[in-house]
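Features as listed in Swiss-Prot:
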BINDING   V26, L27, Q28, F29, G30, E31, G32, N33, F34, L35, R36, G37  NAD(+) binding site
Amino acid sequence: MEKLSHGLVTSRNMIRYKSSQLPERVLQFGEGNFLRGFIDWMIQQMNKQNVFNGRVVAIQPTPHGKVVPKLQEQDSLYTVWLRGIADGETVDHHEVITSISRGLNPYTNWQDVLEVAASPDISVVFSNTTEAGLTYLEEGYDKEKAPLSFPGKLAACLWHRYETLGWGEGSGLVIIPCELVEQNGKVLKELVCRYAKAWNFPQEFFTWLERENEFCHTLVDRIVPGFPSDTADECFERLGYEDILLTVAEPYHLFIIEGSERVRKLLPFNEAGLHVRWNHLEKHRNMKVRVLNGTHTFMFALSYLSGVDTVGEAMADEQLCSFIRKGLFEEIIPCVDAPEQEVTAFAETVLERFENPFLQHRLTDIGLNAVNKFRTRLMPTFNDYVAQTGEAPTYLLFSLAALINYYRGVEEDGPFLIGRRREDSYLIRDDLEVIEAFKVGWQQVNTGKLSLAQLCEDLLSKRELWGVDLSMERKVVDKVAESLQIIVEKGMRQAISGVLNQIGGNNHVHKQ
């Protein structure tokens, strides 16, 4: 079977517009499933309507990335396949995406990245490096070498752009982070300034950064499972070609941007019929991150270690679905600051999206950087629940115990760990200090130096993992330790059954 390439799409007349002639207008940090199935897909829709007319240069965000070589192998082409239900109708539509001009590895081609960053054609920056990407890493500045962190790379790129273009018209950029971090634009800007200060950039750079550049707050919403591993051959047969970057996504999409009129004119999403809202972000952000992303993080470890592989399989499993719904409706929803009827309706819609039979959203993908995700997506709910009830949330803490068990590595894979579920193995990937904490903790359990209860107390005491010292609350430690003990001794299924049998609806938080 032929592989996706420029030659293939040309010979089959699959592209109806001259995308290869469009200038590079977007610098994008990240090239993973989400950006390809959301931002780059949106740019393609605008290009098709002749309202943006630009392409993306995708930058590999970490040294361990594997997408850029695949982009190069396929002439920067890939397919987005939208599958699901929209407005009561089945959507099953695929198209070749041509909005990426090239992918660059900054660790081997840093000067090429800087050259793109200084191009007058570049007007906007997008990023999605996960919550773990918007952090500060102590590192020096070397103009010949890419910084390791994303904010460091962006600071270096902006400095090079300023050095090259100065205060000329159009020298500044619109910077739109898509990471699920509250006030992500402000957070990223502060990190860039912190690097610039540490690297002794001159005051005039800070003035230019403030006056000519705009950092936007955003909220993104689309489930993008990415490559359909289990049905790839069947998909290739339907497509008529092989695509190693095939990206499956749901039809639903929502992009909320807090930005000026400058941003609206630069990115006329709405003119292309895209579901993009401007401003009024905070209410929807709180609801979406806690209900959708929070539930994903809540469910992934306990579901995967119960023997299922995807979100859809978990929702189709009676026991798991019951547990997930109880955790969502009894502990997460009551802590969302919005009218209960509105939140409940949104939650039911989210569960319908989880049940999408066309998607294979792998739980192990949700499990990447899971400790970071737990801290940002579930700890705010945990804190609110404790404040409202004075009690420790049973379902959330069981999920935390499942996460601790999920992070039990059996071998190392470079800087990361490999976990095992019976005959299956999975990658445990997170910040290096997170990996080290779990690796050392589980090694001490394996050698008899720590009991499971002591492991829990040790891990829960680490503020760098959870944002607070969870070991200060004895009942929190006891609940997590008890759940972990049962999970390890009797298995995840029996542990879940025990929680479901113990608890009725009496721990529901009632809003005032």
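Using the three backbone atoms N, Cα and C, a Cβ is placed for every residue, glycine included.
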Per-residue Cβ crowding (10 Å cut-off), top of binding-site residues G30, G32: G30
Reduced DSSP assignment, V26 (NAD(+) binding site): strand
Chain-internal residues near R36 (NAD(+) binding site), provided their CB is under 8 angstroms and they sit 6+ positions away: Y78, V80, I97, I100, V224, L245, T247
